[in-house]
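Record features (TrEMBL):
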| type | residues | note |
| --- | --- | --- |
| BINDING | B:ARG103, B:GLY129, B:ASP152, B:PHE212 | S-adenosyl-L-methionine binding site |
| BINDING | B:GLU213, B:GLU216, B:HIS217 | Mg(2+) binding site |
| COMPBIAS | B:57-71 | compositional bias 'Polar residues' |
| REGION | B:50-71 | region 'Disordered' |
Amino acid sequence: MEALLSRSRQLRRPASRLCWSCSRQLKAQARRAYASAASQPDIYDVVCVGGGPAGLSLLTALRPGKDSRLEAAPGPILEPMQLVDSLLGELSEPNRGMGPPGERACPAVSRDAGLGRRDGCAHRVRLGDARHGEDDRLYDGEPEPHLRAFAPDERYRGAEVFDKVKVENITFGEDKDDLDLTQWPVVHLSGGKQLAARLLVGADGANSPVRAFAEIESRGWDYERHGVVATLEMEDEGWGGHDMKIAYQRFLPTGPVAMLPMPGRYATMVWSTTPRNAALLKSLPAKDFLAVVNAAFRLRPVDLEFMHTTESGQAEELLWRLQHTHVNHQSVPQTVVSVQEGSVASFPLKLRHADTYIGERVVLVGDAAHTVHPLAGQGLNAGQGDVESLARAIEYSVLHGQDLGTRMSLESYNSERYAANHVMLGVCDKLHKLYSVESGPLVPLRSFGLNAVNAMRPLKNFFMDQAAGKGAKLF
Amino acid sequence: MVARPSTALLLRRLRGLTPALRRRPESFVTSRYTTSFLANRSCCRSFSSTGSGSPSDNAHQSTSDPNFTTVSPDEVSHFNALASSWWDPHGPSRILHLMNPLRHDFIRMCRNSVLDAPSNTGLTYLDIGCGGGIFAESAARLPGTKSVTAIDPSPEVLNIARGHAHRDPSLRYKLQYLNTPIEQLTKTLHSQQPQAAQQQPQQPQYDVVSVFEVLEHVSNPAQFLDQCAPFVKPGGWLVMSTIARTWLSWFTTNLMAEDVLRIVPRGTHDWQKYVNEEELRGHFMAGRSGQWAEPRCMGVIYIPGVGWREVQGSEKVGNYFFAVRKTAEE
C-alpha cells in the first residue's frame, strides 16, 4: 500500500505552530523521561493515508494559497513528480493519477464520456472546452479546482510527504505525560516512525486499511468483471490536436472500453472485461496487446472475441481483419503505438459503499468510502466531490476553534456526500446491468433510448451537466 | 434538588416519563418554588431598581462577605449530574455543541464592528461558567488566542473539562481551568503566583469575558454581571448569551425541548430566570452608562435537523447573544 502522509501544518498557522512546538516540547520531555522507551508518535493535525487523486487533492485543498482564508505556508517538501512515479507500480484502480515519466498528468476522466455513445460503436465525446489553460493542466475545461492536485506547478507546500513507506499498523495512542492520546489514531510506518493524528484520512482505496481500523463496514457486490488499465502512447496528439482532447468510450458485450486523453500523445485506457480476457490481455506481449487495444475500437465484437481466443499472433490477425472492416478513422482514437512498460494492470470491478464516512478522528474519502463501476467515469468525480466537501468542513472547524477530528466537525461532510454518492453508485450499477444484456428486446430499446437522449439537446445537456457535477444539485 | 449520580439521571431519561413525573411534584414543591420565587424577586430587584444607579451597593455587599456568591447550589448539582455526558456529541449537550460556532461568529462580528478594534492576535479570554469547556476549548484553539482562563463552580463538570482538555495537545499551554466562582477569581489567581503573600492582589483583565448560557442559571443576574465587569479590559468585550422570557421561549425551551422532544435534559431551564434583551441593554446602557458602549445583539433559533441559525429580531422571543464593550473603568 502506498502511503502518503501529510501534516496540514498550514491550516492554522499560529495554533498548529504551537501545537507543533508543544508536541516537540513534549517529545523532548519524553526523551528525557523515557530515554529507553519506544519512540514517541509525532503529533499531526491531519494524516492522510493514500496518495491517489483524493489524497493529493485534499492536500492541495488544505494547503493555503493567496485566495485562501488560511495563512501562507513554507516551501515545498517534495516534488510531486516523485510521488506520482511511485504510484505507477501500485495501481489498483484506473482513476489513480498516472502519467508517463517526466510528465505529471492525470487522465482527463471522461466527465462527459458517458453520454452520446452508441451501442457497439465508438463515439467521440468532446470534453467541454478542453484546452491547455494558463498552466497546462485543465484538460476537462473546468476552471474549478477539480483536477488542480495534478497540476505540475502545484507543490504540496506546508505538508510533509512520506514517500515509499508502508503503513504497518494503525493503533490508538497512549495516556502518559499528562497527555491523553487514547482516542487518537497512531499510524506506524515502516522504519519505525509513528504519527498521531487529530484526523486520520483514509484515501487508501477500495481495500482501505483505515476503514478496517475504524471498523466501518463496507457493503455491495462484485461484477465478475475486471478493469484492465494501461498507459498508452498514440501515434499523434489526437484528432483534436494539442488544444482539444477527446475521450472515447465503446460499449462491447463484455463491458465498456474507454480511452482517456492525457497531455501530449499519451492516453489512459480502462477496459472492463471478463476476468479470463483480462488475464489474457495482461499476459500478451506488447505488440499483440496493442493490436487488441486497437481492435477494441475498430473491429466488430465477433472479430474481437476471436482475437481473445489465441495466445499470440493478434498483431497479424488485426492487420488482416482491418482490411475487411470499414473504419472511419476520425471517429475512433488514433492508433496506439506503444504501451508504457509495467503500466498494464487489472483489478476486480465491484460496488461497495461504506456504512458511514466518518468516525471519531477518522474520515474516509474516495474509493475507501465508495467503489463504483468505472463505466461512467464517476469514481474520480465522486472522490473530488468528497474532498471539496471535507475541506470545507475542516476549514469551518478551524475557523471556529472546533477540534477538526471530532465526529461533530465531520458531520456536515457525511451528510453532504453520502446521499449524492449513493445515487451515483446506483445509477452506474443500473447502467452496467443495462449494458450487460446481450440479446433480446432490451437491446434495440436501449439503442433507441440513447439515440433519443442524444437527439434531445436539453435533456442531453442536463445529463452532461449532472455527470460533470455542474448542474443543479439534485441530491 | 439533591445531587444525583449521573447514571441515575441517564436511567431516568431512558425509562421515560413515569419516574420523572413521579418526581415532579416533590421537586416542584421544594426547589422549583423557592428558586422561582427568588428569581422573580432578584429579576425585579436587579434589572429595575439597580438601574437607578446603585452598582456600588452590590459590589459593596459582595466584598463585605467573603463567602458571598451568585452561584445557586441547585444549579451546581444539576450540572454535576450532567458532567459525564457533556462531551458526548449525541448526548444531552449536543445542542450546546451545535451552538458553539455561532458564539465565535458573534464575537468576531462584535470585534470587527468597531473602527478602533485592536489586533486579532494575542487575545485573552475569560470564560465564566465554562461547564465542560465547549467554548473554552474552542476559544483556545483559535489562532489569535493567547490564553483562555475558564471557571465554573461545579467541581465534577470541571473535572470532565480538565480530562477532556488533556486529549488535545494544542490546548496544553493555552487553557487553564479553575474551580472557583467569579467572586473568588482574583484571589484564586493571585494565590497561584509565586510570592503571593508579599503583593497586593491585582485585578486581572481580559480582552473577551464570556458568560454563555449562565445568566439564566444564577440567582441574581445583575449582581453577577457587576462581578464580571471588572475583568473586562477597557476596549474589551463582555459577551453574554441567554434566553428571552416570553411565552414562546417557555413553549420551545421548557415544554418542547425538555418535556416533549427531550433534546435538553429536564430541569436545565427555569423559565422564571430567563433575562430579556431590553433588561440587559438597560442594565448596561442606562444603569451603568459611561462604562459601556456599542451594545450588540444577535438572535438565534434552533431548527431540529438544520441546526442553529441567526434570525433577525428573534432576540425578542428566544435564545440570543448580547455583548457590550467597555469604554472606561468604574
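Just so it is clear, glycine is given a Cβ too, placed from its N, Cα and C backbone atoms.
Reported as a whole number, the C-alpha separation between B:ARG103 (S-adenosyl-L-methionine binding site) and B:GLU213 (Mg(2+) binding site) equals 11 Å. Between the C-alpha atoms of B:GLY129 (S-adenosyl-L-methionine binding site) and B:GLU216 (Mg(2+) binding site), the distance comes to 11 Å. Other C-beta atoms found within 10 angstroms of the C-beta of B:ARG103 (S-adenosyl-L-methionine binding site) number 25, with every protein chain shown included. Each of B:GLU75, B:GLY129, B:VAL214, B:LEU215, B:VAL218, B:THR242, B:ILE243, B:HIS269, B:LYS273 belongs to the same chain as B:GLU213, B:GLU216, B:HIS217, is absent from that list, and has a C-beta within 8 angstroms of the C-beta centroid marking the Mg(2+) site. Other Cβ atoms within 10 Å of the Cβ of B:PHE212 (S-adenosyl-L-methionine binding site) number 23 in total over all chains. Here the Cβ of B:GLU213 (Mg(2+) binding site) has 20 other Cβ atoms within 10 Å, regardless of which shown protein chain they belong to.
Look at B:ARG103 (S-adenosyl-L-methionine binding site): DSSP puts it in a helix.
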